[in-house]
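Reading through the structure tokens given below for one structure.
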Amino acid sequence: TIRPVRRSYYDPSSAPGKGVVWEWENDSGSWTPYDMDVGITIQRAYEKQHPWVDLSAIGFCYVIDFATMGQINRQTQRKRRVRRRLDMVYPLVSGTLPKSQSWPASPGVVATPPVPTCACPQCLLVMSVKATVSATGPGTATLQPRKPLPVPPAAPKAPAPAPGAKAPDGMTMVRGSLKPLAAQGGRRQAASTPALSSASSTASPPGAGSGKASRPGLGTLNRSHLQRLAIAQSRVLIASGVPTVPVKNLTGSSPVNPALAGITGILMSAAGLPVCLTRPPRLVLHPPPVSKSEIQSIPGISHTCRKTTKKQAKKGKTPEEVLKKYLQKVRHPPDEDCTICMERLSAPSGYKGPQPAVKPDLVGKLVKCGHVFHLHCLVAMYNNGNKDGSLQCPTCKTIYGVKTGTQPPGKMEYHIIPHALPGHSDCKTIRIIYNIPPGVQGPEHPNPGKSFTARGFPRHCYLPDSEKGRKVLKLLLVAWDRRLIFAIGTSSTTGESDTVIWNEIHHKTEFGSNLTGHGYPDINYLDNVLAELAAQGITEESLVQEKD
């Protein structure tokens, strides 16, 4: 098999010029780089700080979500991890840019493959498409029948719809060999896989074709040409009144259904029957464009923006003074283990780190939940935490005091837009926009003094503008002020360390669909997020505390 090759040149400001490589995670857990043109497209959107990029414009049915660093298949809804890494920069070419080098050198000279290609209906259809694109380009193709194939006499006839009938919306036509019914005499006329040729070519009468198609070079073939040509072919087939067979259940998250549909298409096309596959729902991450005059402030909530800049002040002079408010001393420890050091409470603490200024054999009980620990272990745990004057029981997660986090500085905007979320058609939508820039980690972060990244910002999130939705927003504002929405750590989707990540309070980042699980409709979401906020110590009582 002889194939053309070529050498390409790229702008120094593009991904290869900067040594940037975009990769996706395959089923074995290893990373596969995207094609160069795809990587350049992704990098261009990433540099413009777009929240996502749709690759359908370059012929791929994927959406890259920079917020989660994931690749979403628009047909199967399967999600894969993606990552961006730095590699060696492509060498620069000085002087005049050389002409594109390819083989064969002359586009008019096309090498003939020494081995004939497969003659199955699928390959014949593909080669017909390639021949048309090479000869005329997209948009000028017409259907011509090829050499007829024998038809089993016992095969039942399928009813032909009226000429000019349109296929239902949301359906994509995929066909192999076709068997249209004869218009006169009630006799069936068989036709093999239709060949696509230019409108100016000489039409062959039915049954007179030789069955051999010319196969020019593949240099001009690309995915977008194939897509446009397939659409034109589908329209012609639909208008010709060919019966269709729908294949359903293609919208699940499992790759099994699409695989079965593909097998069905191959078998039915081999039998000479057309196949009709349903198109999956479309991913809608953002609402329609909204003008500034349509944006409204939220009644009952002052301002439309909050900023965080500094770390919360410490509440207590020493760890011992902080813990004293939440503990009772236990003179006779129970015969059980301390769940921090896993030593018996009747024995001294097993903590081996920097020694706190308390005796290792003292034991205390938390006043709310009643769990018992070594005082030595509790002081060490407090010193290794945020040191904000609060304490969280390591056993039951009960919070003592006001818990704050380590969210880096940023801005939170919130307002009402005049569009409804799926499942909430009776109200408008609250849009929240988080924006956190990259920076340097402070003393409360995992690696003080080291820079951190902030991927996918600004991040857009959505709530229904209902009574419960406004309640959630008010509690989210408290969580923002307490620096609990985000943290710095290792991303669970990309594996990148020292980056801004969500901090266990889920948000809905998908506006008009729910293909990723982060959208609407979701009847339990508001209740779930209220429970997550309560786990961070944020309830309606917190609203009263903030006012005080």
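Glycine too: its Cβ is placed from the backbone N, Cα and C atoms.
The compositional bias 'Pro residues' feature in TrEMBL is assigned to 147-162.
The compositional bias 'Low complexity' annotation in TrEMBL covers 190-217.
Here the domain 'WWE' (8-84) returns a mean pLDDT of 90 for the predicted model. Marked as domain 'WWE' by TrEMBL: 8-84.
Feature annotation from TrEMBL assigns domain 'RING-type' to 338-397.
Look at TrEMBL and you will find 138-220 tagged as region 'Disordered'.
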DSSP helix/strand/coil residue counts for the domain 'RING-type' (338-397): 9 helix, 10 strand, 41 coil
DSSP residue counts for the domain 'WWE' (8-84), split into helix, strand and coil: 20 helix, 26 strand, 31 coil
